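What Swiss-Prot says about this protein:
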ACT_SITE  50  active site, nucleophile
BINDING   49, 50, 51, 52, 109, 114, 115, 116, 120  substrate binding site
BINDING   189, 190, 191, 192, 193, 194  NADP(+) binding site
SITE      99  site 'Important for activity'
């Protein structure tokens, strides 16, 4: 069995291509089933987000597994197989495990260290698990990856430092006010940066937000999309009297908020703090306003300094996380190597205990007068003899797991002890056959 990951992401394809190879949420369950029924696939998880579409699979052979996954993606999105090859990267074995760990912990994201991908990986795994397309390998590996990412985030605080301008704007407001939930905010502008700022404000717990814009229709549209208030730009002076936070991002060629405007409303604010954050170029807010008591005025250079410093912190945290990945890969490989041992040891124990049971039956027939206490003593000692006899063979079997020729030696081991144990590959194939029947039956039932 082999682990393979095929990824279409921000490094391998531009956004125009990525848009064409994203699964709709309501199509993912069927996609999991379709891929699972494909030749060579023993387990699979499909991850589809705005920045990446990835297939993780356990396959019986690397070259056939890779081909059938690429063919599956080509058919799903109306491309040729060669197109999928050109826009994707393929990772196999340890590289595939490393890729999953890096993706889950946010090291492979456009925004280094972001945590949203962890939830997306978890959702993808849970969907695959509930659909029936995961098995022994992925049920262990994905839980390991999720646990690793959680621990990495907690130990390094990699996601605590803002690395986008819009997010940094909200972080600056938090430095002044602490918690923002009860604060009033104004968003000036209705473009992409304004919307990102609005989303970050909502994410911080603020619900009292007003969007103002020179074109009222655009303000109304953005406000309706996120269920907040809107107003005309001419209402800004009145709104400023009660606002706590203002984030401005327009393409205006003159100042929208001036010193004079702030001086007029300052008298009515009763010394309440006001945070003005200007992320426009050219600037929307007149410089020098911060000289007024309790008025905090930040521009894009202030934000850039914070973003740059935070990015350096994230890069250091990412390096720390990266150093931990080899140990995780080793732990996974150790676990996988033991998979072949477990059935052999189980078969050996079962045979030994069957012999012990037969021996006890023989003793019962030949010595019918034994008391219950005597019988328990004999049973205990015969089991002890068996455990002592099995101790060295079991130790040897475990040591064989790391041998490059373990399959051949396990076969010899089974022949010596006259036992039969199914290898993980055979178990996975049987498991797949059973699950494919369940999927087919489920589809028939749904159709009816």
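Keep in mind that glycine also has a Cβ here, set from the backbone N, Cα and C atoms.
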CA-CA, which of the recorded positions 50, 189, 190, 192, 193 lies nearest residue 120 (substrate binding site)? 50
How many whole Å apart are the CA atoms of residue 109 (substrate binding site) and residue 192 (NADP(+) binding site)? 20
List only the single closest residue to residue 49 (substrate binding site), chosen from the recorded positions 99, 190, 191, 192, 194 by CA-CA distance. 99
Please report how many Å separate the Cα atom of residue 51 (substrate binding site) from that of residue 99 (site 'Important for activity'), as a whole number. 15
Remaining residues near the recorded substrate site, that is with C-beta within 8 Å of the centroid of the site residues 49, 50, 51, 52, 109, 114, 115, 116, 120: 106, 110, 117
Whole-number Å distance separating the Cα atoms of residue 194 (NADP(+) binding site) and residue 99 (site 'Important for activity') is 34
Which residues in the same chain, at least 6 apart in sequence, have a Cβ under 8 Å from the Cβ of residue 115 (substrate binding site)? 106, 153, 159
Rounded Cα distance in angstrom between residue 99 (site 'Important for activity') and residue 50 (active site, nucleophile) is 18
What count of other C-beta atoms do you get within 10 angstroms of the C-beta of residue 51 (substrate binding site), across all chains shown? 20
Rounded Cα distance in angstrom between residue 193 (NADP(+) binding site) and the residue listed as 'active site, nucleophile' is 18
Which of 50, 190, 193 (the recorded positions) has the most other Cβ atoms within 10 Å? 190
Shell list (NADP(+); ref centroid = CB of 189, 190, 191, 192, 193, 194; cutoff 8 A): 187, 195, 196, 197, 222, 249, 250
